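Trainee: Quick paste of what TrEMBL says about this protein:
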type     : residues : note
ACT_SITE : 149      : active site, charge relay system
ACT_SITE : 226      : active site, charge relay system
ACT_SITE : 260      : active site, charge relay system
């Protein structure tokens, strides 16, 4: 699979690069950011995947979060893909900020006209890791995942649907119970149709109830002054309750005064990098 390098910037003795490729799964050109720490020059490194939230591209995390120094110190490759297919010429794909372009919700759509291109779940789970393994010094046996908001939802469901695939998972302000919130209802209704069992297959609060064991250490940071928390879009309490019932270990930190922005992410991203490094370098 041919990769086209779009940019390369030296950063903390490693390199932050952006590549473009033709996605088989999404049937369009896709971009992803990849940070190669200095250790990648001498051997294989574990890989940490970041999933961004609504309206984001691969750029938001790599330019705003300030993760590079911690990733360099811990020797982690960090991959940040785009959040949806782009330019698929689907009617209505650019009409709203929370559905269509920039809002793939990390599901495999089953409804027309979305089902041909909107297959972000399979793209993140299968196609992207194969691409990373084939083109970079990545240790594909050591992978972890984290994300923000819609991407926090994506990280949680990918970890919960694929026991053992990821060594650890964490999230910032994740959409924890999409079947119950306005964003989720809009996205799932459009991509997955009216069958609620299809919705539950991509809902962390439902998935955790049938997760086979407790070998998953979940870290969640949530800003207490997050406007989307008070608007009922994130519903972390429902997820925490389900984890507690199943005895799945989850560290949930409600951070006083913080909102939903990248200022919040930048404040705590080093904690998350350390959380993952503990499992990836073990």
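From the backbone N, Cα and C atoms, a Cβ is placed for every residue, glycine too.
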Trainee: Is it possible to get the count of other C-beta atoms within 10 angstroms of the C-beta of residue 226 (active site, charge relay system)?
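Mentor: Here the count is 22.
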Trainee: What are the non-local neighbours of residue 260 (active site, charge relay system), defined as same-chain residues 6+ apart in sequence with CB under 8 A from its CB?
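Mentor: Non-local contacts for residue 260 (active site, charge relay system): 149, 173, 223, 226, 227, 228, 229.
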